[in-house]
Amino acid sequence: MAGARGIQSLVLDAAPLLTQARIAGLADQYFIPPSVLAELRDVRAREYLENLHATGQVDLHVREPSAAALAKVVAFAKQTGDYAVLSPADLHVLALTYALEIEAHGTWRIRETVGGKTGQQQHEERRLAEKGTQRAPESKAADDVAAPAAPDASDGFTVVARKPRPVHSADDDDEGEWITPENITQHKNKSLGLVGDDTVAEDAPKKGRRRRGRKGAPARMSVACMTGDFAVQNVLLQMGLYLVGVDGLRIERVKSWVLRCHACYKICPDVERKFCPSCGNATLLRTSVTTGDGASGLQVHLKPNFQYKNRGTVYSLPLPRAGSASGGQASGRARNRQTGVPILREDQLEWQRAAAQQKTHRHKEERALQKALAKGQDSLTARYADPDWVPDLLRGTHTPAASDLPALGIGRKNPNERRRRKR
């Protein structure tokens with residue numbers, strides 16, 4: 001029965017298909033972006049998906065997200081610091097989940113900023129503010145008409161306020177964190193994401209009876225996403241979207257990411273940089289941070305025994321090659337390997353040239369994306385309307401991480417040792 005399933009629309013990533021997770025019977029409809037199908041090259045994963053669709057176990061729909069949803073997801077991922085590690089397929093999965101949520105409930109449960117309030121919370125605040133402003137003039141008029149008489153002290157009575165009794169809930173039990181035969185079902189559902197973390201632990205349902213919600217209907221999610229990528233999960237949970245874990249693999253807490261220089265220990269909030277803006281070294285590492293209240297400020301989370309890997313830094317630089325034509329017409333990392341010019345600083349000509357080309361390419365992508373967004377077209381409509389130019393971000397053929405930039409440094413191996421030629 002379709003109505004008995006816990007999810008109405010479930011967006012799939014490549015992880016549940018690669019691991020052949022049990023997805024049949026979880027949702028009424030299944031959605032998958034075309035970019036995820038394109039990167040699904042494993043034969044067994046494709047056969048698993050085709051078998052589920054052919055036998056009618058899943059109602060699969062291949063759908064591409066709109067340009068508006070993609071722009072919203074990209075802007076939010078930049079706030080969390082996950083944009084630099086998200087592939088185009090990951091962005092399409094997030095955008096498709098966002099688009100389905102907008103169609104179902106609008107922005108009622110979605111956060112626009114990191115740590116912000118959902119549309120429902122903002123509406124509740126406005127309602128309470130309007131209610132408070134309406135009550136203020138009424139109470140003032142009532143005070144002007146008749147003020148309450150002061151109690152007479154000659155009555156001999158004393159008013160005593162009763163202290164409320166403490167309310168003991170079921171959460172105070174010492175068995176809350178233990179897994180017992182009575183709550184094993186709920187812990188399994190929580191690992192899959194079918195039950196929220198704030199749900200009060202209840203006993204296992206008896207045979208012949210089903211657990212139901214407040215109004216008697218079974219608990220049901222309208223839109224959810226099933227993914228194993230922790231960066232995608234981090235963005236989903238902070239936006240307020242529902243998450244279904246793959247085999248219990250789910251992040252415990254949400255995080256914000258920055259770049260930390262391990263040479264001068266400065267924090268760089270721009271997660272797309274490659275060189276430290278303070279000391280100029282290529283020693284930036286992605287680090288999770290939290291913002292404390294008061295004077296605690298920004299707290300950086302590192303492992304207790306963290307040690308920066310300096311492998312490859314003890315070797316001498318390779319001898320430069322004569323001429324500049326040895327690199328040919330190669331681009332990116334291939335050009336860097338052929339010319340043998342190591343990229344050590346941000347002001348080098350090779351790096352500046354590659355960074356300028358990437359900036360121009362990204363500017364063209366964003367401009368084409370804004371044009372499609374202004375016309376109210378999705379990526380498929382824009383593709384047929386303008387066949388000469390399609391943004392790579394919409395097609396899913398270009399990685400937002402700097403893939404066209406030259407490699408930094410000389411690598412981890414000794415560049416001066418004799419290489420063995422391949423036969």
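From the backbone N, Cα and C atoms, a Cβ is placed for every residue, glycine too.
Curation does not apply to TrEMBL; its annotations are automatic.
Within its own chain, Cys279 (Zn(2+) binding site) has Cys261, Ala263, Cys264, Lys266 as residues 6 or more apart in sequence whose C-beta sits under 8 angstroms from its own. Annotation source TrEMBL lists Zn(2+) binding site at Cys261, Cys264, Cys276, Cys279.
Residues annotated as compositional bias 'Basic and acidic residues' in TrEMBL: 122-143.
Here TrEMBL flags 144-153 as compositional bias 'Low complexity'.
The feature domain 'Ribonuclease PIN' is assigned by TrEMBL to 10-100. Here the domain 'Ribonuclease PIN' (10-100) returns a mean pLDDT of 90 for the predicted model.
The feature domain 'Nin one binding (NOB1) Zn-ribbon-like' is assigned by TrEMBL to 251-323.
Residues or ranges marked as region 'Disordered' by TrEMBL: 113-180 (among others).
For 321-345 (among others), the entry in TrEMBL reads region 'Disordered'.
Residues annotated as region 'Disordered' in TrEMBL: 394-423 (among others).
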Using a 10 angstroms cut-off on Cβ to Cβ distances, just flag whichever of Cys261, Cys264, Cys276 is the loneliest among these binding-site residues.
Cys264
